Structure formats: C-alpha cells, structure tokens
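Swiss-Prot annotations:
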type     : residues               : note
ACT_SITE : Glu167                 : active site
BINDING  : His166, His170, Glu239 : Zn(2+) binding site
TRANSMEM : 16-36                  : transmembrane segment
TRANSMEM : 55-75                  : transmembrane segment
TRANSMEM : 182-202                : transmembrane segment
TRANSMEM : 214-234                : transmembrane segment
Amino acid sequence: MTNFEKIIAQNRLKTNAVLTTYCAIFAFIGLLVDAIRINANDLGIALFKLMTFQIFPTITIVMFVVAFVIILVCIQNFSSIMLSGDEYKLIDPSKVLSSKENQIHRLLLELLEEAKLHFEPKLYIINAPYMNAFASGWDESNSLIALTSALIERLDRDELKAVIAHELSHIRHNDIRLTMCVGILSNIMLLVANFSVYFFMGNRKNSGANLARMILWVLQIILPFLTLLLQMYLSRTREYMADSGAAFLMHDNKPMIRALQKISNDYTNNDYKEIDKNSTRSAAYLFNAEMFSTHPSIKNRIQSLRKRVI
C-alpha cells in the first residue's frame, strides 16, 4: 500500500467514526423525545423497548424520514444552490471556447485519464475577483467543478491543474455527499432538541420522562458546539485527503503548495466578505479564511503536503 493509499484509508476510518457518532446522537435525541411522548416511568427500560420496537419510536422514525426527504430535495437542487448569487459560465466543449477555457478543459481531461475515471464533471467559471474553487454534486453523474475567474487568471498551468485535481478528489471521495448529509443531520438534531424542550413537556410527572427532558435540555446547550466540532473535524480530514489526492494525481506536491500560498495571500491582502455572500458553499471552498473554519490552516495543509511521498 502506498503512502497516499494509507492516508486515504486512515481518513476513511476517521470519517466513518464521525458519521457513526452523528447517527448515534441523531437516534438518541429521537428516542429521548419518544420517551417523553410515552411519559416513560423508567428511561432505561423505555429506551430499550423503543430500540427493540416493542414500542414504536414514532418521533425517531419521523426524524429519519424528514432527513431522507430533505436530502432528496437537496440532491435535485444542490448544484444550483451552490452557484446561486454569481454570474457564471458553463465550459461546454461542444461550443467554441476561448484559449483559457480550452486549457481548463484539457487539464480536466488529462486528470481524468491519469485517474482512470470514466465520468466528466461539468466545468464552470464564476465571474468573481477572489481566488477560489469548489466541487458539487451528489455523485459522479451530476458533479461539477467551479473555478473563479480570478483564480484562472493568477495561477500558472500546473497550479491550476493541481486545484482541479483537488476538486476532482473531493468528487472521487464522495465528500460533497458527506458534507450535505452531515449538515442536514446537524440542523435537524438542533431543531428537534430545541423544540422538544418546549413541546411534549406538559405534565410529564414520571421520572423517566423528566430525566429525558433534562438530558435534552443539556443537549440543547452543548449540541451546537459538538456538531460544529464534529463538522470541522470531518471537513478538515477531507481537505487533507483532497490535497493528498491532488499531489498524487500530479505526481508532485509543489503545484498544490504554490496554489494554496497564492490563494491565502489573496485573502490576506483583500477583504471579500461583502462580495462573496454564498454561505452555503463556504465549507466546499478550496480555501476558507474564517477563524472557525471547516478547513485546516494553510500552514498545516502545506506541512502535510510536504510530508507526502509521491
């Protein structure tokens, strides 16, 4: 197994651990609300009966169904949401392209051949003064890669290819799907925890129901921080994987390092907060300058890239 493959395997284990934690918390919240709904006398016994379907866990099932429906809706509209608010252009190889558009398309084809992939993401150019890029799509069949015009103008050929390789790696690793699911689960968990503190709480006099209420009250306080930490950890792990994937496809870590340095310097020297207001795609960006970012620091990403044995 190569160094790259080991990194991917390790990060997949970490990802699975975080996803398992998310699902466990999600189910636990639903079961607590169900315990309150049935006015449980003993919380432990009630949870066991709900988990073994001796008592039907109505709220828990409804939560999972709602999550599933929202995910389906997002699958149909996610790409348009990610591109919203900007002037953008599809690079359509069946039409006449500019020299720069031709170059970008050729770079993508080279990477697809190198990775032995049999799908071609749609390529978009976003007319924007900031340097950034992102990938979107539920799976390979509806995937896209978007690059800002400033990024295309200021990076050299190898740096641009490395950025496309980074975004292509996100698609290969199913990162967009993962980010979407985690975000939806987080929001539903927070909503249910918050509302359940005020609903189902009427005259619940049994000790089990009151204990469930108390646990939900505590979760209402700590869940925002817990989900933020889990999302940051998960997303940062995926960024390291995508950086490694770019270096692997390029057979060189230097172009990705140079691209990250240039993008970081651009955000250091300019304030783009009022220009780029699409918060939905902040977690999907190649670079995120916020303090509590879903991305690792540029310094850590470069250090990690320099350790890669290509």
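Using N, Cα and C of the backbone, Cβ positions are placed for all residues, glycine too.
Annotated features taken from Swiss-Prot, shown on the structure.
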{"residue": "His166", "record": "Zn(2+) binding site", "Cβ within 10 Å": "26"}
{"residue": "Glu167", "record": "active site", "Cβ within 10 Å": "29"}
{"residue": "His170", "record": "Zn(2+) binding site", "Cβ within 10 Å": "27"}
{"residue": "Glu239", "record": "Zn(2+) binding site", "Cβ within 10 Å": "27"}
From the Cα of the residue listed as 'active site' across to the Cα of Glu239 (Zn(2+) binding site), what is the distance in angstrom? 10
